[in-house]
Amino acid sequence: MMKGSPPTVEEERALCAVGYRAIAGIDEAGRGCWAGPVVAAAVILPERVIAKPELLDGVADSKMLTPAQRVALFERITSLAVAWAVGSVPAHVIDSHGILPATRLAMQVALLRLPLPADVLLIDAVRLDGWPLPQRVLVKGDVRCLSIAAASIIAKVMRDRFMEGLGRYWTRYGFAAHKGYGTAAHQEALRRYGPTPHHRLTFRPLCDMAPANIRNAALEGEQP
């Protein structure tokens, strides 16, 4: 359920006032999960939404919304957006490069996939060093800024859908329910069956498991 003040278009209007038009809000989902990819979204909202933000009334940081609210808002955001795209970086890249570089990579992939190039970025908390566009990095940007909040919803819904699909193959792990987060049920599944190829082996409690405990669940009836 949404709490507190809704995100505003103050940042977007300030950028429009100095001539920017294709303003991309960027955020990620799944950074703290034990399993699955980190997913980033980039979204460019139209000028009419920046002029009239009530067109996206209800948009907030995705963590403050119910799953049903996120899906309904996802449909509204993507139908109104000038452009949107997602980038996804899998667990093995997170393990080899670290979660922060993987998050930056997911954001860069999302930007490269935009059908309309952005000319300025509004990003939640993470600076894209070396990226050839001006950027505003906002702490708690998904709470403060409408474009970033919209990106957070897109990233969360798209990642949830991926994890639900993963759960149809790796049926013992409950991915559709916990989406890869560190719940008691997830920890129990890890204890019983060991990690899958989609688990982040550098994250606790995964990194505390002996390599001998890493099972090939496909041999026990699971699918990759």
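From the backbone N, Cα and C atoms, a Cβ is placed for every residue, glycine too.
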Further divalent metal cation ligand in Swiss-Prot, beside ASP27, GLU28, within candidate set ASP124, ASP129, ASP160, ASP208: ASP124
The sparsest Cβ environment within 10 Å, among the binding-site residues ASP27, GLU28, ASP124, is found at ASP124
Over the span of the domain 'RNase H type-2' (21-223), how high is the average pLDDT in this prediction? 93
Centre the Cβ atoms of ASP27, GLU28, ASP124, go out 8 Å, and tell me which other residues of that chain have a Cβ in range of the divalent metal cation site. ILE26, ALA29, ALA40, ALA41, MET107, ILE123, ALA125, VAL126, GLY141, ASP142, ILE148, ALA151, SER152, ALA155
